[in-house]
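Here's the structure we're looking at; comments come further down.
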Amino acid sequence: GSSPCRSVIMTAKAVGVELNKKLLNLQAGEHLKPEFLKINPQHTIPTLVDNGFALWESRAIQVYLVEKYGKTDSLYPKCPKKRAVINQRLYFDMGTLYQSFANYYYPQVFAKAPADPEAFKKIESAFEFLNTFLEGQEYAAGDSLTVADIALVASVSTFEVAGFEISKYANVNKWYENAKKVTPGWSENWAGCLEFKKFF
């Protein structure tokens, strides 16, 4: 149900790759078993193994899947400027948007800590940035769906099930409603979100 796993599932769907998914029980420490550490010493999920080649970090996996299996480069164009904007959005998603989710919600969910209002402000600030990026834009980076949209829709949908009010951000809300319709694998993403919702 995690956002990074769902972004990989949607990207695989977009390029027509059938994933052989293996569920790891993190609470039971399955990601710390020697056989998994051999594949990924950083023991993070998702981890992709493609004919013996192991890769982790969801956004790196997304780019790899598109570069290796995409019929066209539309999800991650070869043009340096287009690609730079996509990369910026991916890093924004990882370092600002999704990070704000983790900083605010994870201590509450996993450590039963009280809500931190300062961390909540960081979420609002991240959404304000995203709202600005999306001004007059149908897509997050350029004029068509890219891996940036897929990563961001995985994150934004996670905020939705956590109860964050996305509708307060008009540009984000408009983009998100469209992304639900045009992102391959959306229904599987939403099913994963609903799994994740049990934590909130």
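Yeah, the Cβs are placed from backbone N, Cα and C, and that goes for glycine too.
Binding of glutathione is attributed by Swiss-Prot to HIS43, THR44, ILE45, GLU57, SER58, ARG59, and within the candidate set SER2, SER100 the record adds SER2 to that site. Candidate binding-site residues: SER2, THR44, SER58. Fewest other C-beta atoms within 10 angstroms, THR44.
The glutathione-binding residues named in the record, SER2, HIS43, THR44, ILE45, GLU57, SER58, ARG59, extend over a maximum Cα to Cα distance of 16 Å.
The binding-site residues under consideration are HIS43, ARG59. Their Cβ neighbour counts within 10 Å are lowest for HIS43. In sequence order, SER2, PRO4, CYS5, LEU24, LEU26, HIS31, TRP56 constitute the residues six or more apart from ILE45 (glutathione binding site) in its chain with CB-CB distances below 8 Å. Taking the domain 'GST C-terminal' (79-200) as a whole, pLDDT averages 97 in the prediction.
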